[in-house]
Ligand code: UDX
């Protein structure tokens, strides 16, 4: 199929490359010329495992190109909208500027039979509004909503072999059948491998996405709320999560207590969902998401308070090593990162923070140049009075006391992701503190 992907960020760049990898002819469009230049040269503009490989192979096959000019999308028959919907400044609502601009850019090039496919996470009601706009300008073109569930760090695999596909299509039967047929062709490989497919209306497709993210955020905040109780009772949140996770109805995944969730999706999506519910006169239905948000943000404060407490009630002029800046491992994404937030707060308290991360330093430095960044763990921990692990990269999970104890000036460590062997660190004479662990 001939496909265009408008928006080449974390979602769109991966989607474009993955669609070309599947054998489609793809053009990626973005207004950011620097991003287009990098992608066209086969360079991923952000860190995502597996992306450079499929970018290179797809470009070499001649099936993948990039352009900042929408006219390059004229020959495509399926046009994906994969632009961002960030939190609107001064509000909890989603900023729809980029989605609206992407559709307006596409409208003049739409041909009869073309399908516009929304992938961005949007407030419920957006798809029917955009479908109306498509009908006004090109009555023989159509719109579908096909939410994306990819996780950063696993984005390539999640796009090529998703755990489910959801199509939100128009209510008219002919329109719905034609949209489904086109999407089935796009996703022929995944469908032939038995990927579950849900074909539904626009509103359901939009709500599936935000509900999934709200559920995941709630699951994480649930275990973090219990961690707060564990902290005052001496209980162990990791053993508790293991024990409740054996119940198949609960499940162990997404029950890791720690410094909480961040990233470009969960935080802003639960806020936008709550804001949309208020607009719909159903604010009380999602009022619990405010609590989910508040629990999550308290975990960052908990780490800061713990550092201050362990350093003798003040952090001023104390050397603090921060391991991890990305919002999760295998990503260089620092959007709403709990790790970076904690580093900035400690710096603000006058601590001498040395922060490191395998991939996210450049992004963190661009946003917070006041922090001191070092590339090696050894440099971060040298003379540190406390070590704070905030993103569970494999290399940090593998840290043993002997690796760093000759370098630090105080044997204190906070395991903000509960990934170290507490007994081992304590046995080596460290003051070890986890999150919700005794
Ligand atoms: C999320 C959804 O998982 C994905 O389906 C959606 O498409 C986009 O949003 P992502 O933002 O890549 O994906 O990250 P995810 O793996 O969900 O992690 C989100 C945050 O939760 C991270 O900061 C992570 O560290 C944290 N987390 C996750 C926990 O604190 N505990 C857990 O048990 C799991």
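Each residue, glycine too, has its Cβ placed from N, Cα and C.
These numbers come from a predicted model, not from an experiment.
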So TrEMBL lists 30, 35, 85, 121, 268, 335 for NAD(+); which of 152, 231, 239 goes with them?
152
Of the residues 88, 209, 367, only one is listed by TrEMBL in the substrate site with 149, 150, 151, 152, 254, 255, 256, 257, 258, 262, 328. Which is it?
209
Cα of residue 268 (NAD(+) binding site) to Cα of residue 262 (substrate binding site): how many Å, rounded?
9
Counts of helix, strand and coil residues, the domain 'UDP-glucose/GDP-mannose dehydrogenase C-terminal' (321-422), according to DSSP:
32 helix, 18 strand, 52 coil
Based on a Cβ-to-ligand 1 distance below 6 Å, what subset of the binding-site residues 30, 149, 335 would you report?
149
Cα separation, residue 209 (substrate binding site) to residue 121 (NAD(+) binding site) (Å, whole number):
7
May I ask which of the binding-site residues 35, 85, 152 is closest to residue 255 (substrate binding site) if we compare their C-alpha atoms?
152
